[in-house]
Amino acid sequence: MTEPVLPPIGMLAELTHRCPLQCAYCSNPVELLKANREMDTQGWISLFEQAADLGVLQVHLSGGEPTLRTDLAELIASLARRGVYTNLITAGVGIAEGRIEAFAEAGLDHVQLSFQGAFAATTEKIGNSRGAHEKKLDTARRIRKAGLPLTINAPIHRHNMEEVPDFIELALSLDAERLEIANVQYAGWALLNRKALMPEREAVERQVEIVEEAQERLRGIMTIDFVTPDYFAVYPKPCMGGWARDAFMVAPDGTVLPCHAAGTIKSLSFERFGEWDLSRIWHESSAFNAFRGTDWMQEPCRSCERQEIDWGGCRCQAMAIAGDAAATDPACIKSPLHARMGALIKEAINTMASDEASDAFTYRRIGRVAEPIA
Amino acid sequence: MIETTRVRTVLSMHSKPVLKRHVRLQYDKVRTAWALLSPERVFWPNEVSLDILRLCDGRHSVAQMIVLLGDQYGADEAEIAPDVTGFLQEWSDKFLVTL
């Protein structure tokens, strides 16, 4: 490495793969882990202690559905004790009475609550869960009542993109301070369901306009963050802020990964917390060092003036579309494979037009696509 | 058109800014620097921003903040006032500070 390795700032902790919803756009890997593979309470607390020592300032508690961990309040408290900022990312379905207050009491800083649709029918269809929408509305009210700040997460794709104005209204009515409208990233289950999820270009352009207008009109009233869609992009996103640069994620079994889809790069091998300590993984793991900095880059990244802006984009998308994890992210207009993104959009739209049945989702279920390794 | 009863807060000299509940200013021992923690983002305020943020305690009015900062930096109040108010309005709009 030519540059020194700086300490990580953020950590995404996927505490469990269990979830009451079955969203087809889920970013979890298709090989989901069963409960018996999850790291225990002491394992997570010990990991959080080492993360704080290493310099982690923010931990995003996610899943699956993190509130299915009965020890969640205890985990939050262990982070709060160390001054680490805690952000709970929840689907908000089936959280028992009193638990949200217990999370607040334990020192939780912020909650992100997902809505699959702005209306009940959409939320139920996408999450394949009856009554989910009403439960989410109730959870939102309980979060605000407990004095916790709220962000509404709206992952958008072909089936709910026209509801963007309604998502904005919903977030305002729920007293959210922030709304995150995120075009689905095609990794994990979303990649499996790409044809059914891919929106049309005109729909994307329309929603960008609606969001930009609302951002201006609601300045100082509600923050709207917009995650742009890679397939329609000119330049790639600096995925994870650059590979192993200032953030990482941990799978339910304690495997430490540079990003949530890194497991799709089969040439990499990953360490599990406990086998190695966290500092050693961050500094020495071959997977973390594989695409760190800029030395690994090929052309056109190697001579590109944007190399430290977007860090080559997403390695997993390069793997999925270019078949080479070290290639330039095909989302970039400079990639020789950029046209393939447009072709994939067209292919999805044409399939949809000729065969309505292809609209069907492969719903996310543990063991549905690949049996978890015992 | 979306109807909302919520309105943007506009700063006045009587406002007593305070950091929001979901925002935390703390010293990071690993990087030996002050960090402002917020959902999804960490800010690294410079020296001047830090001095303004430290006065965001819900007790000092904007007018008092300008006097104190003027003293501290040996600067003319009229000169620094637009910078201070601009900073606070921007941070209010970003949901980091309540006015």
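The backbone N, Cα and C atoms fix where each Cβ goes, glycine too.
Record features (TrEMBL):
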DOMAIN    A:5-222  domain 'Radical SAM core'
BINDING   A:CYS19, A:CYS23, A:CYS26  [4Fe-4S] cluster binding site
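Same-chain residues with CB within 8 A of the center of the A:CYS19, A:CYS23, A:CYS26 CB atoms, the [4Fe-4S] cluster site residues themselves not counted, are A:LEU21, A:GLN22, A:ALA24, A:TYR25, A:ASN28, A:GLY64, A:ALA91, A:GLY127, A:TRP189, A:ARG364. With a cut-off of 8 Å between CB atoms and residues at least 6 apart in sequence, the same chain places A:CYS26, A:GLY63, A:GLY64, A:GLU65, A:LEU68, A:ALA91, A:ARG364 near A:CYS19 ([4Fe-4S] cluster binding site), listed in sequence order.
The Cβ of A:CYS23 ([4Fe-4S] cluster binding site) lies under 8 Å from the Cβ of A:GLN116, A:ILE126, A:GLY127, A:ASN128, A:PRO155, A:TRP189, A:TYR363, A:ARG364, each on the same chain and at least six residues away in sequence. Per-residue confidence over the domain 'Radical SAM core' (A:5-222) averages out at a pLDDT of 95.
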